[in-house]
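One structure is given below, encoded as structure tokens.
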Amino acid sequence: MGLSRYQILLAVGMLVTGSINTLSKKAQNDCHVKGVAIPSGPNGTAEATAHEFDHPWFQTIIMFIGESLCLLGLLIARRQEREAFRGQLRETHFQNEPPEDVKLKQPRIFQAIIILPTLCDLLGTTLAGIGLIYVSASVWQMLRGSIIIFTGILSKIFLKRQLKWFHWSGMTVTIFGLVLVGMSTIFAEQGTSEVGQTVLGILLILGGQVMNAIQMIIEEVFLKKRAYPPLQVVGMEGIFGFFILGLIVLPVLYFIPDENAYTGRYEDSIDAMYQIGNSPRLLAFCLLYLLSISGYNYFGLSVTRSLTAVHRTLIDACRTIVVWIVGLVIYYGFDPSFGEPFDVTYGILKIDGFMFLLIGTALYNNLFDLSFLPCQCFHGEDRSSGSTRDERDASSNGVGSIQDAARPEGDDDERAPLIKSNQAPIL
């Protein structure tokens with residue numbers, strides 16, 4: 001049975017917003033814009049010079065603003081629930097309008113327990129954001145596939161999950177793909193002064209995925225039984241993250257010295273705001289990033305409820321391809337200061353690594369029918385046991401289960417889902 005127009009629209013929306021999310025964040029890093037004026041020269045005259053938008057912590061607060069917009073969707077959904085409830089009362093209990101004191105009981109939106117996964121979200125997104133400064137957008141997108149490795153291992157250790165053969169085989173193939181992608185990136189910088197930064201970027205991205213995996217475990221332990229709607233979890237993480245960063249983290253980082261930074265501060269948010277105000281292009285990239293966060297969560301949740309794991313895997317694979325192709329088109333067709341070039345020496349190695357990542361993800365989610373093989377472990381296995389978040393039923397309130405709206409973070413993007421005993425995230 002083919003997809004309906006609505007399902008196609010959801011898939012395209014998820015693909016577009018997810019791709020914009022990665023590309024707009026990388027484009028911010030590539031902008032060279034004047035910021036605050038700093039003393040320079042023998043007379044100590046304050047002067048502003050153009051420099052890179054190197055503000056990963058400030059980018060995280062933009063992400064949290066985008067996440068907080070998900071609460072608007074939650075409020076709309078709750079209003080629809082109340083109207084449906086009153087409509088049902090009119091049909092079954094009252095001939096006219098039901099009394100005002102007869103209301104649908106809905107849990108409060110503010111839940112302090114969500115602060116715990118917010119802290120992991122903050123660290124994971126920022127670590128990956130710092131890593132994005134040193135690698136291309138396509139490599140960053142590919143390395144995020146490592147989430148299935150850390151999630152599988154942590155779920156076995158802390159949640160006592162029983163990983164099956166397709167989980168272990170998927171993780172093994174994924175590791176091989178990650179090694180190829182990492183090698184292609186490091187080899188491309190071999191002999192230059194940037195090779196050390198490239199290695200650091202890869203390690204930071206992997207560290208960010210570890211934090212996202214820990215976030216999933218925390219949400220599994222503390223939030224699963226409470227069955228909060230996903231829009232509520234993502235939206236409240238945005239609210240908590242915004243205030244934690246804005247009131248605590250960013251002020252502290254402002255006073256930490258960094259001699260390599262333009263203003264001599266580790267994270268100068270004032271400089272970031274000056275740069276955004278001085279460049280309409282940078283402002284547009286920031287707005288695109290903010291809106292794509294909200295859009296990706298909406299479309300991701302809708303795809304989860306309407307399509308299957310196979311469709312979600314294909315969409316996420318296409319997202320990496322779109323990010324890569326658009327980066328190449330921008331670099332060669334429009335502006336070499338943005339996008340990314342194709343490495344004719346090690347580009348094939350990168351493609352091979354990407355293919356192994358796709359195969360590993362498909363294996364991990366049990367999307368291959370290997371029953372024709374003679375090995376007994378492939379027989380009698382219910383392939384539905386490898387279902388992912390896309391095959392889970394939405395919660396009874398019509399908004400969905402906790403992790404179904406997870407972003408890509410951020411995924412920033414998009415974080416991976418809560419996993420059941422036979423469940424795993426996809427790339």
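Positions of Cβ are set from backbone N, Cα and C atoms, glycine also.
So that you can see what the record holds, here are the features copied from TrEMBL:
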- 383-394: compositional bias 'Basic and acidic residues' (COMPBIAS)
- 383-427: region 'Disordered' (REGION)
- 1-18: signal peptide (SIGNAL)
- 57-77: transmembrane segment (TRANSMEM)
- 113-135: transmembrane segment (TRANSMEM)
- 141-159: transmembrane segment (TRANSMEM)
- 166-187: transmembrane segment (TRANSMEM)
- 199-218: transmembrane segment (TRANSMEM)
- 239-256: transmembrane segment (TRANSMEM)
- 282-301: transmembrane segment (TRANSMEM)
- 313-334: transmembrane segment (TRANSMEM)
- 346-364: transmembrane segment (TRANSMEM)
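Long-range contacts of the signal peptide (1-18) within the same chain: residues 292, 295-296, 298-300, 302-303, 306-307, 311, 315-316, 318-319, 322, 408, 413-414, each at least 6 residues beyond the stretch ends and with a Cβ under 8 Å from a Cβ of the stretch. Between the transmembrane segment (57-77) and the stretches 113-135, 141-159, 199-218, 282-301, 313-334, Cβ pairs under 8 Å are most numerous for 282-301. Between the transmembrane segment (313-334) and the transmembrane segment (239-256), fewer than three CB pairs separated by 6 or more residues in sequence fall under 8 Å, so the two stretches do not touch. By the Cβ criterion (under 8 Å, sequence separation of 6 or more), the transmembrane segment (346-364) is in contact with the transmembrane segment (141-159), since 3+ such pairs are found. Within the chain, the transmembrane segment (239-256) has long-range Cβ neighbours (under 8 A, six or more residues past its boundaries) at 57-58, 60-61, 63-65, 67-68, 71, 114-115, 118-119, 121-122, 265-270. Counting only same-chain residues 6+ beyond the ends of the transmembrane segment (113-135), those with a CB under 8 A from a CB of the stretch are 25-26, 29, 54, 56-57, 59-60, 63-64, 143-144, 185, 194, 197-198, 200-205, 207-212, 214-215, 218-219, 222-223, 226, 228, 233, 236-237, 240-241, 244-245, 249, 409-410, 412-413, 415.
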